[in-house]
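Working notes, beginning with the structure itself.
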Amino acid sequence: MVHLTDAEKSAVSCLWAKVNPDEVGGEALGRLLVVYPWTQRYFDSFGDLSSASAIMGNPKVKAHGKKVITAFNEGLKNLDNLKGTFASLSELHCDKLHVDPENFRLLGNAIVIVLGHHLGKDFTPAAQAAFQKVVAGVATALAHKYH
């Protein structure tokens, strides 16, 4: 559960409406793979991840990034029940994929960076603070199965 003020909820909702999931998801996942190269081990089937330009232009990275942002969007619709919303994804990433749960926090931070880039001056410090709360809540929910 994420506790947002009414102003934070409004900021998140208004700004999220401006987001293009095709762009933001792939860019955020791409940044994760470039900035934290050890995360690439979970994406062996994605082909060429040999350089930043290869990663950022990789269609499989973009497609999976869109899936990530689509799931994130579901979380935004269910801020009062993030653990329930992400229960099956938490189980998948824990039991089958064996993803280090710290990577969820890193990806959340990458999403915030990309949102700042795409939203420009509209992404105020207050808006960033609200989104940081959201991505922290999502990361905690995704890591729930690990506890």
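Start at 1 and count along the chain as shown; that gives each residue its number.
Using N, Cα and C of the backbone, Cβ positions are placed for all residues, glycine too.
Swiss-Prot lists Val2 with the feature N-acetylvaline. In sequence order, Leu79, Leu82, Lys133, Val134, Ala136, Gly137 make up the list of same-chain residues 6 or more apart from Val2 (N-acetylvaline) whose Cβ falls under 8 Å from its Cβ. DSSP classifies Val2 (N-acetylvaline) as coil under the three-state reduction.
For 3-147, the entry in Swiss-Prot reads domain 'Globin'.
As annotated by Swiss-Prot, N6-succinyllysine applies to Lys18 (among others). In the three-state DSSP scheme, Lys18 (N6-succinyllysine) is classed as coil. Remark: Lys18 (N6-succinyllysine) has His118, Leu119, Asp122 as non-local neighbours, by Cβ distance under 8 Å and separation of at least 6 in sequence.
Under DSSP, Tyr42 (phosphotyrosine) is assigned to a helix (H, G or I) in the three-state scheme. Swiss-Prot lists Tyr42 with the feature phosphotyrosine.
The phosphoserine annotation in Swiss-Prot covers Ser45 (among others).
DSSP gives Ser51 (phosphoserine) a coil state; it is part of no helix or strand. Sequence-distant neighbours of Ser51 (phosphoserine) (same chain, six or more apart, CB under 8 Å from its CB) are absent. Per Swiss-Prot, phosphoserine is recorded for Ser51 (among others).
Residue density at Ser53 (phosphoserine): 11 other Cβ atoms are found within 10 A of its Cβ, drawing on all protein chains shown. According to Swiss-Prot, the phosphoserine annotation covers Ser53 (among others), on the basis of a large-scale study or a structure entry.
Per Swiss-Prot, N6-succinyllysine is recorded for Lys60 (among others). For Lys60 (N6-succinyllysine), the same-chain residues lying six or more positions away in sequence with a CB closer than 8 A to its CB are Phe43, Ser45, Phe46, Gly47.
For His64, His93, the entry in Swiss-Prot reads heme b binding site. The number of other Cβ atoms within 10 Å of the Cβ belonging to His64 (heme b binding site), over all protein chains shown, comes to 17.
Arg105 (asymmetric dimethylarginine) falls within a helical segment according to DSSP. Taken from Swiss-Prot, the feature asymmetric dimethylarginine applies to Arg105.
Counting every protein chain shown, the Cβ of Thr124 (phosphothreonine) has 13 other Cβ atoms within 10 Å. According to its DSSP assignment, Thr124 (phosphothreonine) is coil. According to Swiss-Prot, the feature phosphothreonine maps to Thr124, an assignment based on similarity to another entry.
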Checklist line | Between His64 (heme b binding site) and Thr124 (phosphothreonine), the C-alpha gap once rounded to whole angstrom | finding: 28
Margin query: Can you give me the Cα-Cα distance between Arg105 (asymmetric dimethylarginine) and Ser53 (phosphoserine) in Å, rounded to a whole number?
Written below: 24
Next item on the list: Provide the number of Cβ atoms within 10 Å of the Cβ of Arg105 (asymmetric dimethylarginine), excluding the reference atom itself.
Entry: 17
